[in-house]
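Structure, as structure tokens:
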Amino acid sequence: MRPKIGVALGSGGLRGLAHIGVLKVLEREKIPIDYIAGCSIGSLIGALYCSGQTPETILRLAKHLKPRHWMDFMISKMGIVSGDKVLKIIHLLTKGKSFSDLRIPLAIVATDIKQGKEIIFTEGNVAVAVRASTSVPGFFVPFILEDMLLVDGAVLNPTPIDIVRKMGADIVIAVDLAHAGTICNITNIFDVIIQSIDIMERELFKYRQHNWDILIRPDVAHIQPSSFEYMDESVLLGEQAAEKMILDIKHLLNHSMLEYKELDNENPMHPYSN
């Protein structure tokens, strides 16, 4: 037996394409992934990966999709983009899958702003959960589900480390983009909104109790969260950050496997023994 590995993919706008690079390295180094929890852009990357898309395919899809494909502007008191196109695109890319259809167990985090509660999706339609988790407040119209008004999960939990731990992960690899820093050039409403959320996320990350085993922090501070010009660079920075931690990951995995083996030898009836 081996310990279960979970990956927490945090929010960060288009900086979140760094998650693709992290997943690429974990695959290349044959690090098994047993659980994924995602928030905002992390929920989208996680959903595509868990539905069977490779990191390379996810990047190709990201490059193919232009703003006009998913931005359906509207006049509303609740936001300036309806999010209907986003829901349709995610439904198409995930092939309409439910959580139970995914190859890797996935949890997606959203925020119910009516009750001020964190909402964890682990069942039902994946596209619906991603649409809710990526609803940047002030930009996307909140997603209405039953009696809930759902927005970006980053409002309460920008890097869902605790969620993937609760899923059953013995080892948690957290990919945090909340540390990235300020936007150098704020030129539009999306930059204003994202910058405000970034500041909030950094403060949340400082004060939440975190229980990660490996923390990966891609150096994406110079990349505009709303910019489509640095996709390849974001992925590369994700790869580089993961590569820096790969020896630590392997060491921790090997050490944990030895502990499991010793426990099995001491107690043949232990529930993890073969």
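Yeah, the Cβs are placed from backbone N, Cα and C, and that goes for glycine too.
With a cut-off of 8 Å between CB atoms and residues at least 6 apart in sequence, the same chain places Gly10, Ser11, Gly12, Gly13, Gly16, Ser133, Thr134, Val136, Asp152, Gly153, Ala154, Pro158 near Ser40 (active site, nucleophile), listed in sequence order. Positions annotated as active site, nucleophile by TrEMBL: Ser40.
Feature annotation from TrEMBL assigns active site, proton acceptor to Asp152.
As annotated by TrEMBL, domain 'PNPLA' applies to 7-165. For the domain 'PNPLA' (7-165), the model's pLDDT averages out at 94.
Under the heading motif 'GXSXG', TrEMBL lists 38-42.
Counting residues of the motif 'GXSXG' (38-42) by DSSP class, helix then strand then coil, yields 2 helix, 2 strand, 1 coil.
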